[in-house]
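First comes the structure, then the notes that go with it.
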Amino acid sequence: MRCSICHQDYKQTDIIDNYFVKDTSEATSTADEKAAQVCTSCEDNAGTIGFCVECGEWLCKTCVEAHQRVKITKDHKIRTKEDADAASGQRPVFCPVHKQEPLKLFCETCDALTCRDCQLLEHKEHRYQFLEEAFQNHKCLIETNMAKLHEKNSFVHHSLSQVQHRLKELNETHRKVEHEIKIAVFTLINEINKKGKSLLQQLENVTKERSMRLVAQHKDTTQLAQQITHVLKFCSWAITSGSNTALLYSKRPIMYQLCKLFKARLEPAPQSNGVVRFFCDPNFWAKNVVNLGNLVIEKPPPPTQPHSVMVAGPPISPGQGLPGKHPGQINLAQLRLQHMQHAAYAQQKQQQQQQQMQQQMRLASQMSQQHARQGGGGPPLVQQVRSPESSPRGAASTGPDGSRGLGERIKTEPETETPCSELNGIGATSTATTSTSTDRSHSKPKLLLTNGNAGKEAEPSRGGASEGNHGGREDDPNEDWCAVCINGGDLLCCDNCPKVFHMKCHVPTIKIFPKGDFLCTFCRSLSVPEIEYCDDNKRIKGEQSLNPEDQRRCERVLLYIFCHELSMGFREPVPSSVPNYYKIIKQPMDLKKVKKKLQLRSSQYYKSVQEFVSDMRLIFKNCAEYNEVSSMTGAGLVLLRRFKSLTGARNCASKMNWGKNKTMF
């Protein structure tokens, strides 16, 4: 089935009753009954002023005073008529199994409304909340997601305005160039009629191709904006106007829509369409009809990688209790910074374009004169002028605007290690690495710039490229986001694989920016490492410590787990606000603590591989023990299987069986 408002397809099994509409229709029928309410405790039919919760009776003023004097009823809770009317305005929903029991409880384990009998029978020992308490908790949850979606909504409308502006700019450029071409053709209408039509057709093709892309993007962005607006309106109405029962009953589809739109991919605002101009001297070309004129088309800079609002991470199902903090979300401050950088870059590009156009005009004039002297005729020349890229191929910036570094959020950890002076490469790299990068020994590690200097040269051009080559650089092969925290910022690029890391996120932590080649833990040899990290030179000597090779193996396994998309909930210690966690779990453990214990200068440094494996298993054991059956338990099970596949150790004997995974290590 397809919704006529949000234009989305749904299965018939996913459609539920709309209790918001039911509550609205039933509220009208009960308005007259409330207005005529009389005292049920006496026979005077007097008007009521209160309602006894324990007795379940409406009371007049006299009965209220008597109720408070009698010893048996003086402790009863009496509500005012206004409060009682507000509470009774929400009609109860009865259990489909126990027809006489209203749904007063919310089972947290099953994520469903239950009655008292269902909770005692089918949901025994499950965690539950009363209806009002559950309503307040999930109301806060939905409001939090709405705030995030409001932020994305502003970005969507900003992108929509940019697309409209670019489309208008393209149409204006088309009309202007078309007018210039028609004037030139009118001057020499008899001699250059065919040539003029050819140029118009060429211009039409150029603009049509770009216009189709912009129109398609405008359509997609408009549809996304409509969906977000509809969901926000509905959620606001549901929270302010709907009942508690209706909100909780419809929580799953509401959360599904919020999460789906929050993760929806949005293409970035298009760059400038480039300058399309027509250069022609009618008096000159009247004598040289063959070379009437040329369209000089400047290609726009290569588009940056699309910033996906959702990045790899554990999916949030509609029934999940608490949403995970999204590691790569784009906030409004970042959008403003991106807009400022775009404006500065556009001004710089405009100056470069003016210089280029002057050079192209002189070049076209010289070529035309030379062609006229030779008396030769040939096909029209279409010159494609590409904007020069000031960043060399070796720099790790994603584009001229440096937008890849906008989401900088560097993760801080306790620094217990002694900083070392430098990180130098030792040993020899493998033959395959040398053959693919012969000049790597003279290069510097690539660092993503975020301080506004993305337009400057980050390092000398490699491979002996000539300074006059403005043909553009190749696309950066490295990834856009840190492999661990899925954020931008100052990133170290591995010279052997496309992965990039923050210095704090890498395992082990990189304390000093490397001066030579950099190989991540995945690519560095375990037995004969090509480079040494800072702590390798200060290894603890003694029998009660890991040998260097086992140390590197443990670090590699830990980094694999850190990079897994489901590891987000296991990286930090569980907050003390989580109810009863530290009463149930006597030995808490997390990935950050394991990483700290792998540091050579740690007071709790591992003395054997078995200790490392034991701590890793303890993380997932604690998860299963506290969460019982939930999405977190499923994530822990997936990570535990991944850990077993990496270590090749189902049963750990005297030493971890590393040999089964030599191909991986």
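Keep in mind that glycine also has a Cβ here, set from the backbone N, Cα and C atoms.
TrEMBL lists coiled coil for one of the ranges 160-209, 460-509, namely 160-209. Looking at 34-81, 479-526, 554-634, the range that has the most CB pairs within less than 8 A of the domain 'B box-type' (90-131) turns out to be 554-634. DSSP places the residues of the domain 'Bromo' (554-634) in helix, strand and coil in these numbers: 50 helix, 0 strand, 31 coil.
Helix, strand and coil counts from DSSP across the domain 'B box-type' (34-81) read 12 helix, 11 strand, 25 coil.
Taken together, the residues in the domain 'Bromo' (554-634) have a mean pLDDT of 87 on the 0 to 100 scale. Each residue in the domain 'PHD-type' (479-526) gets a DSSP state, and the totals come to 0 helix, 6 strand, 42 coil.
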